[in-house]
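Listed features, source TrEMBL:
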TRANSMEM  A:6-25  transmembrane segment
TRANSMEM  A:53-72  transmembrane segment
TRANSMEM  A:84-103  transmembrane segment
TRANSMEM  A:135-154  transmembrane segment
TRANSMEM  A:186-206  transmembrane segment
TRANSMEM  A:218-245  transmembrane segment
TRANSMEM  A:252-271  transmembrane segment
Amino acid sequence: MVLGLVNGAFYALLSLGLAVIFGMLNVVNFSHGALFMMGAFVAWMLLNWLGIGYWWALLLSPLIVGTFGVLLERLMISRLYKLGHLYGMLLTFGLGLIIEGVFRNEFGSSGLPYSPPPEFRALTVDFGFMILPGYRAWVVLASLIVCLATWVVIEKTRLGSYLRAATERAELVQAFGINVPRMITLTYGGGVALAAFAGVLAAPIYSVNPNMGSNFIITVFAVVVIGGMGSILGSVVTGFALGMIEGFARVVYPEASATVVFVIMAVVLLTRPAGLFGRA
Amino acid sequence: MADGSGFSPAPAAAKDVLFGFTLAQLLAFGLMVAFVVISPFILYPVFLMNVLCFALFACAFNLLIGYLGLLSFGHAAFFGMGGYICGHLAKVLGLPPELAIIAGGLVAAALGAGMGWLAIRRTGIYFAMVTLALAQMVYFFCLQAPFTHGEDGIQSIPRGKLLGFFDLSNDFTLYWLVAGIFLAGFLMIHRIVHSPFGQVMKAIRENEPRAISLGYRADDYKLIAFILSAGLAGVAGATKSIVFGIATLNDVHWNMSGEVVLMTLLGGLGTVFGPVVGAAVIITMQNYLAEFGAWVTVMQGGIFVICVLAFRRGIIGEIANFLRVRL
């Protein structure tokens, strides 16, 4: 169950990033998994090459990967807005392949270890019936905080209201003198930074390897289909809920744990094709 | 789907000369058949058979994206499942290759019926994500099911004797079978596209609400097209497993789904010959660049990016546009 909650934390962060990017850019970011993996690798590189520890990496890695995302958006993705959805998807899929391939060449396919910061060792709680490793509790907490912060920024601040307005009617917002293209770029950077943040959080739990992103992202796509990409809060709730269901399945019937999310997706498609929180 | 129109090259008003082929298409088809017939005397037949299997796979995939505007990111499921079923039947039950291949195609079509039934409820990007997720489920099934032998895959599948008479252990004999399957599949897709059914498919791609208002059940058309596409992809996968004697997890992995998208995109979405050319280019590239290991992934990603940014019509699409014909 706890492992499920941890997975849920990652699903929530990743599907949140996808939803934010989709809302603004109308592009499904198929390179999201690769950028998640990149976040973990940047943390590893910061530690092993520059001696920068976990806490700084948690801040720096999303910044670095987010900047990379801004470059991608400016140089490539921005050229495709006038075309159909599918080209954006194909482009980001190709970008994901490139990123993954480069890291696989550089670091091989086997995992690299990244140990959790020592502060957490003391925090491990023993409930008697189960042991909650401190680091995992932190992952869930951190993910919740960041998801809530994102929600507050988008729903409650002026910047967020511009963002939501631009999602609805970009030309009109631009007519009010707001630089919409820059907002789009920053949104992409922000969504990517969320993926990288998740990557740093994941680094100590899973070994850092080039395939970690693609394994995750397909499940996250299913989560997105279940939740619908219309709502920020919806994608967070769906992410956590599905992580927990998956964790529960792992205890009850381990063979099904890998597929339970997809089965739920099928059921949702049959009953509510637009997704639980989606608008048709 | 409004943006589907971007996938077809500008339709030139050309008259059909023979069996729905325009003159240019007929010439291109003759060229292709000539290449299929002559090439085994020059190039390694096993390599060519690999190309033909993937060409059929890409043509089957193109049936959905090119003529219905539906991008499936899960076609590896059908390709791989066709291979597994064919391999299992040929090896364990000792079925002759022709029956094993047909069975592979039928099971893939049945799987396509199930996946398609779910996936056609959404369009556009959601369709892609749903097919990707469902294919991942098939992948996990293949990882755990006993008959697929998990990580090892089904090995040493016998090539057997075609109709109990032609010994397929000879590469040349097998080549003619594979070439026959490919051409039959190619012509079948051509026939589908140029039938009244195919015209309705294109109408749905261009303007779905309008096609529905004219009384066509768009969902039925989509489902049937999906099943046909899945079945042909299964035949391609089954043939490949006979050629190489193995069926592995590679063929059901999402990488394979991505590869077939790449082949079709590179050759030209919605063109008749594009998927064949794209498959030939990608397989040749994989064959000769295998020594570079993971760089092949990077190059494939690079081709994706270049195609999408600069070269959206694909190889055949650009040629057709240059010559102002439909290919």
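Including glycine, each Cβ sits where the backbone N, Cα and C put it.
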Self-check item: Any contact, the transmembrane segment (A:218-245) to the transmembrane segment (A:186-206), with at least 3 Cβ pairs under 8 A
Solution: no
Practice problem: For the transmembrane segment (A:186-206) and the transmembrane segment (A:84-103), check the count of CB pairs under 8 Å (sequence separation 6 or more) and say whether it reaches 3 or more. | Solution: no
Self-check item: Tertiary contacts of the transmembrane segment (A:6-25), as residues 6+ beyond its ends and Cβ separation under 8 Å
Solution: 32-33, 36, 73, 77, 81, 88, 136, 139-140, 142-144, 146-147, 150, 154, 163, 166-167, 183-184, 187-188, 190-192, 194-195, 197-198, 201-202, 205, 216-217, 219-220, 223-224, 227, 229, 231-232, 235-244, 246-247
